[in-house]
Amino acid sequence: MQPVPSDPNYGLLRSLFQDPNNQCCAECNSANVPYVCIKLGVFICPTCAHFLSTLGFKVRPIMGSSFSEEDISRLQSIGNLVSKQFWLARWTPMDIVMPPPEDPNLESFLRLKYIEKRWTSSLSTSDGFSSPNNNNTSNVNNINNNSNHNNNINNNNNNINNNNNNNINNNNNIINNFSNINNISNGMNNISLNNINNNNNNNNHYNGNDIGIPIVHKTQSQPQPQPQPQPQPQSQGFSPFNSPRSSPKPGRHHLIDDLISFNPTPVNNSNNNNNNNNNNNNGNNGNPLKFSGGIPQNNNNNNNNNTTTTTTTTNNNNKVPFDPFSPIKTFSESGEYQNTNGNQQLSGSGNSLIDILSHPTQSKSPSPSGTPHSLSPQHHSSDFKVHLIDIPTTQQQLQQQQLQLQQQLQQQLQQQQQQQQQQQQQQQSPISNPFTSNNNSNSEPLVSILDKHEDLHNHHHHQQQQHHKQQQQQQQQQQNGNNSPLAQFNQIQQQQINNNNPFVEEKQPHQHPHHLQHHRHHSTSSINHGSNGDLASISLTLLTPSPSPSPSFNYSGGVSSAPNNSLNNSCNGNNNLNNGMLNFSNLNIGGSTSSACSTNSSSNITIANNINSSNNINIINNQNNQNNNNNNNTNNVMISPSPSPNPFLPTPTSTNQNNHIITPIPVNPFTDNLQLNSNNIRQHPQQMYIQQQQQQQQQQQQQQQQQQQQQQQQQQQQLQMQQQQQQQMQQHYQQQQQQQQQQQQQQQQQQQQQQQQQQQQQQQQQQQQQQQQQQQQHINLSSSAPLQSVNHSPIPLQPQHSSSQYMNQQGYQVYPNVGNQPQSPQQIQPQPLQQQIFQQVQQQQPQIPQQSPQPLQSSTDEDQSVLEVLNLKKLFDMNMMDKEEFEHRRRQIIDNLTKTTSPIHQQPPQPPQPVLPVSAPAQVPQPHPPQQQNGPTVPQQQQQQQQQQQQQQQQQQQQQQQQQPIPQPSSSSPTPDARLTGTERVIRHRFDAKLGKWVQTATIVITEPTPFAEGAMRKAFRMKDLSAEGPSSQMVAKLFKDSNEDRMVYFKDVEMQTYSKEIAERFNLKSPPKKIDFVPAFVMELVERQGKPFCAVEYFIEGKYEKHNNNFGYKNDYDRNTPQAFSHFSYEDSGCQLIVVDIQGVGDVYTDPQIHSADGQGFGKGNLGIEGIKRFFSTHQCNPICHYLGLSSVNPKPANDESGTMPRPPSIGQSYVRPSAFPPNLQQSFSFNFPPLKDHHVLEQLNQQQQHLQQQQQQQQQQQQQQQQQQQQQQQQQQQQQQQQQQQQQQQQQNQQQNQQQNQQQQQQQQQQQQQQQNGHPPPQTPLPPTPQQKDKPKIEVFGDILRKLVS
């Protein structure tokens, strides 16, 4: 990932990004960190960047972004490690478990941190800390304690007095006068030290306050200017870290000034040269101060013999710009300290505190980030090192301090009473928190919050035990009195170190001296420095390591009166100076100490330098002071500096005696340290959280394993169940097969039995037939048979194999022979007249397959045959059929009655041979006695010969067809239609094309119930008009197969055929070679039927029925000229508005046409509009008749093609004159007018013109749509206005419509003029534009007038 290469801060940003501590997200520990949040000063992953952006933080990507110096300083001062340690000090996994990186609950966790401020709710400002106040000072008043004191100080170099307890009297009033301490944090807390007076009078104990000792300061220390804090916007989210603008980075000498920023009363110290050869009792006086992060392992006993006492003054306006999240500067701006004495220069050996502060050396500890020094920033979060300071203090300095304090006691006794009163008032008032703001807010201090989470949690179980041990030790000390107080102090102090320090192993107390002391009840100790000590007046009570990266100073303004103070002040002239480890990242600053036990500091580890003095102080330089050298600090295990190493792990020290720099081991607290195997290391809450997660994962794995085992068991059970089911299914299937086999065997047996029975029955039937045929007599039918009042049509079905001129030859059907009879053309039995007889026939039909056909044995069958013959004779007498058809049908009835014919397979139909009729049976029912008919008879000899031949054929075929199924003849026969049966009265509707209306007349008709032909949509029935005579009485009724068809369809079809007839008449006026005509059609309303149904009726046409074209471009193979020319003529005759197609009929007499209109409206379902017109011309070829009529040439036939009808030569080339007027109703159906067409040579130009017209029409339509939209908008605006405005709009719309109409009329007139000028009319090859033509309705004229106009 590379930012902008041209960025001047590119190198710093690169080193920050390559830091291992910044490689993981500061919020979720994800490995991908392509984003940064400048406000928080951390590197984050894309998921956390998204969540933080939703919470109001500004997030920017590293790739392609530029960073200012302030942004880089922000990232340097904080970084991911500081941020993580800050939150770990406040948050524990026991409170709320941090979600993993991919968990959606991570957003709610971040919301708790930054929006709801769950763990930082006690902070006063949006940054989590109180705002800085540069002028805020707190005065620490003089704390005076009245007591009896002795001024006798014996400076004897030879006396040895180790029993100081006998000479301990009431202590002097030692006043620690602090005034005008201006401690200014770097934007964190305003530190105010309140006046607290703690008096504790114990017998035989030192009772006094901390001794105020003058400190060496810079004489001309200028206050550093503090930048004004900039208010942060509230919408950008909460940040616990301050802006780098208000956080100056102090150097090392500034940090020391912060610790010694007290202004005690100046004391004139005498320059006394004391020879201290062996003055390192319980102290490391020869150790140089180095900011090395630890304490050297061995002590140097060589001390400086000459010490100089200097008097310095401090600036009251001294400021402490300390940023807890900023690293310590490695080099000060001034470069060195100035010596205020002027008489003696500072030591240049580099071993003193001043030399190191004035000439700092670069730390030799390796950078944890591994970044080269040239690329590493000056202040980096990973290079944040907190150094431990060794405080060199000698006995001579102690004596000088005591002398100065005794001189100050006299001056301070006068002010004691006033101070006590002030102290009492302050004790009654609540103690202010030094880390809270001046607004008296209840927010909890930062350092106490940081220490309280971890230290209380880890060391709470030590409190009761330590308190009990301390009480026992105090009681024993009081009982013993003056018996070896130094030994008691050393033992008790060592026990306290071993018990109170959680970082020192309890099993090895001898390795850890008494330099560590834990104060759980706010007991304090004073570090008394010599006159030449640079940190002489610092009273450091608690220097506690904390898991928080923030500092924790604890300035004690008074000494607690707890019993432990006696232990701290019980040494006789011994310095008891331990190397106090000053962890500047964990300094606990306290305004005062109290005698009450406080849990806020019970977990703090106090590392104090206790200097015990009494009124009679014997300072011994030469003798017996070496006895206390056993208390030197050797093999120290130091507390790890924060924040780089883990504060819960010990820091190994270097064994190099020359170089006292202790290199801290960088330990990442967020990762497991597998190399540390110590048993006494205290477990971090994060490690506990990791263990909990591991336990949860193990439990989840166990649960998953259990679930998998359960699933496997379930699957096994399912497999077993499936196998059992399959076995059951197989058994069941086998049983079913066995049952089926048994059933089949039984059926076969039954069939064999039935066949045997049928054979016996057939033999019996043959014998009976022979007997009956011998007894039959011939019945002669005559035309004088009485006519009965029949209500139904007697017309039987025309046989399909007959050669009648009225039947279509394509519907021939052959059936297999029935029973053992010889094969003959199977004839469909005629249907009875009455409905009852028809039902009886249907009931008898299922018995035919079971038994072979038998001759008629009952009187019912004979009656049916007789009635059919009588009805047939009646129709013949009424001239409804000719003699040939009559004879054919009569023979059919006789053949069906006698069963003497058989069908012939796969042979074309042959004309029937003249067969004499067979006499009807003699038995005739009484109600209808049969009448004999005059006609020829058949001799009995011929009849016997035929019977013998039939018997022989039956015997030959009987064996082959015994098991063949017998078909039902009635199943293939058309069923009669109940709508057309018998004779009835009807109303005939005839359309008059001249008048354009329907005319109704009443008549009587007789129809047959069964159709003689069927089409795709309709059935054809025979009908006769009894009111007419001759051929006009023969008609055909056409009914739709769908009884729910709309009635108006019949009227539309008749109307369309009437229009075609009118166009055919105009076609005949052109004198074509053959004239054409359309059969007149009517609509019959059957008023006597239920529901009064309608049917289309037209005159019957005799001859061969042919179809020349259809409504979708079909053309007959013969391609006659006249029908095709008529369709072409109808298109141009109608002004290119319609075309007549679907020409079919007999000869040139056509019927059932179809009309395509340009608008696609009207003329029934077959009207295909423009598409139908295009289909016709796609297959049409202009023939000579088209040229004769003067029609436009479209795909003309070759000139040498002389097939078809040819017109007369003189008439070729004549132009067709369109009639001036059309029938009124026909004119109404023409809703579009097509533009004139030119010759076929300019068809391409026409196509272009048509396309141009189409584009114009589209533009017009678009304009109209736009106008409509504008009108709609206007209407919406106008609806809100008054009614008057609405009326005006309506008038405007009317005017627009009138203008449009006028424009359309003008266009139509122009088009008509162009049509008259042009002669050619070729049909279009592309879709014609639908330009409507509105014509005025002409007056109704007589057909004769129209003919006159046409002729003229």
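Cβ atoms are placed via backbone N, Cα and C, with glycine included.
If you look up Swiss-Prot, you'll see 7-127 marked as domain 'Arf-GAP', on the strength of sequence analysis.
Summarising the annotation, Swiss-Prot assigns zinc finger to 25-48 and lists sequence analysis as the type of evidence. This prediction places the mean pLDDT of the zinc finger (25-48) at 90.
Taken from Swiss-Prot, the feature region 'Disordered' covers 123-164 (among others).
For 219-380 (among others), the entry in Swiss-Prot reads region 'Disordered'.
Annotated compositional bias 'Low complexity' per Swiss-Prot: 268-287 (among others), in sequence order.
The compositional bias 'Low complexity' feature in Swiss-Prot is assigned to 298-318 (among others).
Marked as compositional bias 'Polar residues' by Swiss-Prot: 329-352 (among others).
Residues or ranges marked as compositional bias 'Polar residues' in Swiss-Prot: 359-379 (among others).
Marked as coiled coil by Swiss-Prot on the basis of sequence analysis: 393-429 (among others).
According to Swiss-Prot, the feature region 'Disordered' maps to 424-445 (among others).
What Swiss-Prot lists as region 'Disordered' is 457-484 (among others).
Swiss-Prot lists 458-470 (among others) with the feature compositional bias 'Basic residues'.
Positions annotated as region 'Disordered' by Swiss-Prot: 503-560 (among others).
Annotation comment: Swiss-Prot describes 510-523 (among others) as compositional bias 'Basic residues'.
Annotation source Swiss-Prot lists compositional bias 'Low complexity' at 619-636 (among others).
Annotation source Swiss-Prot lists region 'Disordered' at 619-658 (among others).
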Long-range same-chain neighbours of G1166 (ATP binding site), Cβ under 8 Å, sequence gap at least 6?
N1111, D1142, Q1154
Return the residues near L1168 (ATP binding site) by Cβ distance under 8 Å, restricted to its own chain and a separation of at least 6 in sequence.
N1111, F1112, H1156, G1160, R1175
For the binding-site residues listed here (G1164, G1169), tell me which residue's CB has the most neighbouring CB atoms inside 10 Å.
G1169
Extra residues within 8 Å (Cβ to Cβ centroid of G1164, K1165, G1166, N1167, L1168, G1169), ATP:
N1111, Q1154, I1155, H1156, G1160, F1163, G1172
Output, ordered by sequence, the same-chain residues six or more apart from K1165 (ATP binding site) with a CB under 8 Å from its CB, or 'none'.
V1049
If one looks at the chain holding N1167 (ATP binding site), which residues at least 6 apart in sequence have a CB under 8 angstroms from its CB?
Q1154, I1155, H1156, S1157, G1160, Q1161
DSSP says what for the zinc finger (25-48): how many helix, strand, coil residues?
3 helix, 6 strand, 15 coil
Where does G1166 (ATP binding site) sit in DSSP terms: helix, strand, or coil?
coil
I'd like the per-state residue tally for the compositional bias 'Low complexity' (1279-1319) from DSSP, helix first, then strand, then coil.
36 helix, 0 strand, 5 coil
